[in-house]
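Participant: Dropping a structure here in structure tokens format, bear with me for questions.
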Amino acid sequence: MSTILIAIIALAVLAAVFGAILGFASIRFKVEADPIVDQIDTILPQTQCGQCGYPGCRPYAEAIANGDKINKCPPGGQATIEKLADLMGVEVEDSAHDLDNKVKTVAFIHEDMCIGCTKCIQACPVDAIVGGTKALHTVIKDECTGCDLCVAPCPTDCIEMIPVATTTENWKWQMNIIPVTDITNQATDATASEPKA
């Protein structure tokens, strides 16, 4: 047998042995995660913005499971707080960030000042900034959560947080407080109670 063939067979045997050991170890030493943390993490918006004081949504979910407040997520808003309260069996709290009076903002890059350093792209947790090295960067307004994390790393201070104008598309419609009457049952009840001729 040639030396190359022996080396290939030896490497294949070693790979199979180590693969079997790793497969056994992953099953034997598996760490079971808390299912409530997974449920909380599913409810959170996954923006990884850090506005809650934690480095991402998963650490915040773990903190909630350990008793932290459920009202620290600005991108999730009041709807997320209500879902978390329902899941955790606690009272619905008002947001810790005063979301009702806060104007939604998005990042705006003054492209005439941008040097294309990509520091803002690296800081953005939701990939709302596009551009390349030594190229102008721009913000995708619909993707930006307004977390403000891109402003500090910018060496030329060309990023500004600007308020989003309220339109019919982004206005906070409160559908759950508008009284809606189901008239389908009333119509069938009325026709059933009419005397037949």
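Placement of Cβ uses the backbone N, Cα and C atoms for every residue, glycine included.
Annotations per Swiss-Prot:
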REGION    1-26  region 'Hydrophobic'
DOMAIN    32-90  domain '4Fe-4S'
BINDING   Cys49, Cys52, Cys57, Cys73  [4Fe-4S] cluster 1 binding site
DOMAIN    105-134  domain '4Fe-4S ferredoxin-type 1'
BINDING   Cys114, Cys117, Cys120, Cys154  [4Fe-4S] cluster 2 binding site
BINDING   Cys124, Cys144, Cys147, Cys150  [4Fe-4S] cluster 3 binding site
DOMAIN    135-164  domain '4Fe-4S ferredoxin-type 2'
Participant: By Cβ count within 10 Å, point out the most packed of the binding-site residues listed: Cys49, Cys73, Cys147.
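Facilitator: Comparing the binding-site residues Cys49, Cys73, Cys147, the most crowded Cβ belongs to Cys73.
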Participant: Find the shortest Cα-Cα separation between Cys124 ([4Fe-4S] cluster 3 binding site) and the binding-site residues Cys49, Cys52, Cys57, Cys73, Cys117, and name the residue that gives it.
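Facilitator: So, spelling it out, the nearest of the binding-site residues is Cys49.
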Participant: When you scan the chain for residues with a C-beta under 8 Å from the region 'Hydrophobic' (1-26), skipping those not six or more beyond its ends, what do you find?
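Facilitator: Same-chain contacts beyond the flanks: none.
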Participant: So what's near the domain '4Fe-4S ferredoxin-type 2' (135-164) in sequence-distant terms, Cβ-Cβ under 8 Å and 6+ beyond its ends?
Facilitator: 47, 49-51, 74-75, 103-129, 170
Participant: Can you list the residues of the same chain, besides Cys49, Cys52, Cys57, Cys73, whose Cβ falls within 8 Å of the [4Fe-4S] cluster 1 site's Cβ centroid?
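Facilitator: Once Cys49, Cys52, Cys57, Cys73 are set aside, the remaining close residues are Leu44, Pro45, Thr47, Gln48, Gly50, Gln51, Tyr54, Gly56, Tyr60, Lys72, Pro74, Pro75, Gly76.
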Participant: DSSP three-state call for Cys120 ([4Fe-4S] cluster 2 binding site): helix, strand or coil?
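Facilitator: Assignment for Cys120 ([4Fe-4S] cluster 2 binding site) reads helix.
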Participant: So how many of the residues in the domain '4Fe-4S ferredoxin-type 2' (135-164) end up helix, strand or coil by DSSP?
Facilitator: 0 helix, 7 strand, 23 coil
Participant: Out of Cys57, Cys117, Cys120, Cys154, the binding-site residues in the record, which is closest to Cys144 ([4Fe-4S] cluster 3 binding site) when you go by Cα distance?
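Facilitator: Considering only the listed binding-site residues, the nearest one is Cys120.
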Participant: Measure from the Cα of Cys150 ([4Fe-4S] cluster 3 binding site) to the Cα of every one of the binding-site residues Cys49, Cys52, Cys57, Cys117, Cys120, then give the nearest.
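Facilitator: That would be Cys120, nearest by Cα distance.
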Participant: Taking 8 Å from the centroid of the Cβ atoms of Cys124, Cys144, Cys147, Cys150 as the cut-off, which other residues in that chain fall inside it around the [4Fe-4S] cluster 3 site?
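Facilitator: Not counting the recorded site residues, we get Cys49, Ala107, Cys120, Ala123, Pro125, Val126, Ala128, Ile129, Val139, Thr145, Gly146, Asp148, Leu149.
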Participant: Between the Cα atoms of Cys49 ([4Fe-4S] cluster 1 binding site) and Cys154 ([4Fe-4S] cluster 2 binding site), find the distance and write it as a whole number of Å.
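Facilitator: Cα to Cα, Cys49 ([4Fe-4S] cluster 1 binding site) and Cys154 ([4Fe-4S] cluster 2 binding site) are separated by 17 Å.
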Participant: Please work out the mean pLDDT for the residues of the domain '4Fe-4S' (32-90).
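Facilitator: A mean pLDDT of 88 is what the model gives the domain '4Fe-4S' (32-90).
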Participant: Tell me the Cα distance separating Cys147 ([4Fe-4S] cluster 3 binding site) from Cys57 ([4Fe-4S] cluster 1 binding site), rounded to the nearest angstrom.
Facilitator: 14
Participant: Between the Cα atoms of Cys73 ([4Fe-4S] cluster 1 binding site) and Cys114 ([4Fe-4S] cluster 2 binding site), find the distance and write it as a whole number of Å.
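Facilitator: Given the Cα positions, Cys73 ([4Fe-4S] cluster 1 binding site) is 30 Å from Cys114 ([4Fe-4S] cluster 2 binding site).
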